Amino acid sequence: MEKRDACRSAAWEVNNILEGRNVYLLEDFCSVVGNDVKSLHSIISPPVAKIRNIGIMAHIDAGKTTTTERFLYYSGYTRALGDVDDGDTVTDFMAQERERGITIQSAAVTFDWKGYRVNLIDTPGHVDFTLEVERCLRVLDGAVAVFDASAGVEAQTLTVWKQADKHKIPRICFLNKMDKTGASFNYAIESIREKLKAKPLILQLPIGEARTFKGVVDVINKEKLLWNSNSDDGKDFERKPLLETSDPELLKETIEARNILIEQAAVPVLCGSALKNKGVQPLLDAVTMYLPSPEEREHGFLQWYKGDLCALAFKVLHDKQRGPLVFLRIYSGTLTPQLAIHNINRNCTERMSRLLLPFADQHVEIPSLTAGNIALTVGLKQTATGDTIVSSKSSALAAARRAGRGDKKHGKNSEAESLLLAGVEVPEPVFFCTIEPPSVAKQPDLDHALERLQREDPSLKVRLDPDSGQTVLCGMGELHIEIIHDRIKREYGLETYLGPLQVAYRETILNSVRATDTLDRTLGDKRHFVRAEMEARPGEAPPGMAVIEYADCVSEDLVQASREAIENAVHSACLQGPLLGSPVQDVAIMLHSLMVHPGTSTTMVNACVSRCVQKALKKADKQVLEPLMSLEVTVTGDYLSLVLADLAQRRGNIQEIQTRQDNKVVIGFVPLAEIMGYSTVLRTLTSGSATFALEFSTYQAMSPQDQSTLLNQRSGLAQVL
C-alpha cells in the first residue's frame, strides 16, 4: 500500500514539474492497476489480445465525457472526479469545450483496467462535428453507445449508430442517467429496439429509477450491486446474491431476463449513472469481456504486409511547442522514434522525432509501440487526416505485388493506390461566410492559421472569392464556424472579422441544351484556334463536378492529347453556376466536336471549352437547390402548438409527432435558410424548456416563388414590405 501511494505521489510530482510541457518521461510515470504497482515500461506493449480500442459515442449531453472521466478515475489515472459543468474534465481540454460544456474534438486517452490496455476516444455529440466521430470510428474495434435513460434514442444517437453500422463496429449500450427525473429503463430499451432496429441484450436491470435508483442487478450471476450511499466517489460498492427471501420480485424479473439472455445474441445493455458514480466499474468490465481485441477484427489488407508497418493517420493537431501531432492507428508492424516512414497518399517520406501515448492534452514519451495500438507522433509535417503510412515505398510496392496488383498495365500509380486504407468521407459544407484579418499585413498570418486548421479539420473548407478576392470559410454549421473563429483568436492571436453567415446553395439544369464556342487568337507569330460544340443535360454528379462524355465522332487521338485540358475546363465551369455563382451538380457534359489548330496551346483549349460549357448552362432552364435539414424538437405539450406554428412559417414539413415520456418530439424537415438562429427563437418561445437537433438531409429544388424571391434578394431587387 505504501509503495503504491509513493509511486502515485511521485508521478504527480513529476507531472506538476513538467506541467508546462505536458510531456511525461516514461520512467517517471506510474500506473496503479488493482493492487499492483507497475511502471509503463512493463505494460508499454501489452499482448494484442489485451488491447481494446474503443470509442464513446452518443447524442449531445447523454454523458459521454462524464463516463470517460469516471473510467480514468476508477482505473487510477486521475485523482479527482472531473465535472463537465465545472470545466475541469481531462478529455475536454480545449478552452471552448470547457466553457461550453461540450466535446468538440475527439480526445484520445490511454489507461489500463484489470490487466487490459484501453485506448479510448471521447467523441463529440453535436451534429456540426459529426466528421470527428466518423474519422475516429474508422480506427476503432468497438464502441460504447451512451444513452440518456430519460430520452432513449435521440437524433444524433441514430446518426452515430448508422456510422458504427457502416464500419461494422461492435457496440455495448450504457443507459446513463438512471437517477434523472423521468428515467425509464423499459422506455430506453424499447426505443433501442424500435428506432435502432437492434436487439437489446439485457445484462443488467436497475434497482430503482430516478430518485430511487441505487444500484444494478447482474443478470448473468443473479447478483445485485449496491453502491454505498456514504461513498462520495462510488468506489465502495458490494455484490450480494439475489435471494427468494429478501428480493422475490427482483429475483423473478432477473430469472426471466436471464432466460431471454441465453436465447439470443444481440447488443449488450448495461445501466447506471456516471455522474452519481454508479455502474461504471461493471461497464469497464464489460468493455474488456465483450468488445473485441484488434486481432479479433478482420483486415484483409494485413496479409500482404507480412508484419511490415501499416498505419492510418486519423487525426492531426497542432501544438505550439511541438508542431503537428498526428494520431496513428497501427495495423501491423512497430513504430519507434526517429523512424522514417512513407506516406502513400502524398508519395513522400518523413521522419517522426518522438512517439507518445495520448492522455488527452498530456502525453507520455515511449520507446516503441506495436500493432493494435493508437499512437501519437511528433515530427510528421506533411501527413494529414486519412493518409496511409508504411515503412517505405518499396514496402508498399512489395505488398502490392503480393496482392497480385503489380500489373504495369494499370498505370504507374496503381500499386500505391490499391494499398490506400479507406480514409474519411468529408461531407460538403452547408454554411459559408467571408473572413478578414485586422489588416492586410496580417493576411499571411491568417492564411497560415487556416492552413493548419484545415489540416486538423477536413470538414473546414477555405476558398478565395474570385470576384472580391476575399477569403471564404465553409463549414458544417453555425457552431462549427463560430468555434473556428474563436480558435483563430485564442490560438493564433488574430482578431478576425466574419461576414454574415450564408447558405451554401447549389444549382442544376432541367433540360438538355447545346452550345458552340470559337476561340481564334494570335499571340506573337503563332495562331491559336479552337472550336468546340458541347451539350449539357441533367445527370447525377457531385457539386462542382460533372459527368464528362465524348461523342463517337470525336477523334480519339485529339481527346487523348487534350483530355486533361477538357476535363479541367468542364469542372472549372461547373464550380460557378449562372444563377448564384454556386456549384453546379447533377449535370452531364458531352463533347460533340472539337477542332484544334496545330500548335494551339492546351491553355486555349481549356479556355474555349470552359466558355462553351458556361454558354450551355446559361441557355438551359435553371434550378436552385437548397440544403434541407432534418429537425427534431423535444418540447413539453404546453408549448407544442407554438413550436408547430413557428415551423410552419419557416417552410417546415412535419413528418410525425412522437411521445417521449412527458414530452412531445416533433420530427420533420426545414430548409437551412429558415433555421439560422433558431436556438434563440426556440428558447424564447418555450421559456428555455425545449431542445432541438439538426442534421443535413439533402439538397432539394426550391419552388419557383421561393427561387424568384431568393434571386431578387441576391440582386438587391427585393422590396421591403
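Cβ atoms here come from the backbone N, Cα and C positions, even for glycine.
What you see is a predicted model, and the numbers here were worked out from it, not measured in a lab.
Annotated domain 'Tr-type G' per TrEMBL: 49-295, in sequence order. When averaged over the domain 'Tr-type G' (49-295), pLDDT in the model lands at 81.
Taken from TrEMBL, the feature GTP binding site covers 58-65, 122-126, 176-179.
Cβ neighbours within 10 Å of Lys64 (GTP binding site), excluding its own Cβ and spanning all shown chains: 29. Here the Cβ of Ala58 (GTP binding site) has 29 other Cβ atoms within 10 Å, regardless of which shown protein chain they belong to. Residues near Met178 (GTP binding site) in space but far in sequence (CB under 8 A, at least 6 apart, same chain), listed by position: Ala149, Phe185, Pro206, Glu209, Ala210, Phe213, Cys271, Gly272, Ser273, Lys278, Gly279.
Counting every protein chain shown, the Cβ of Asp61 (GTP binding site) has 19 other Cβ atoms within 10 Å.
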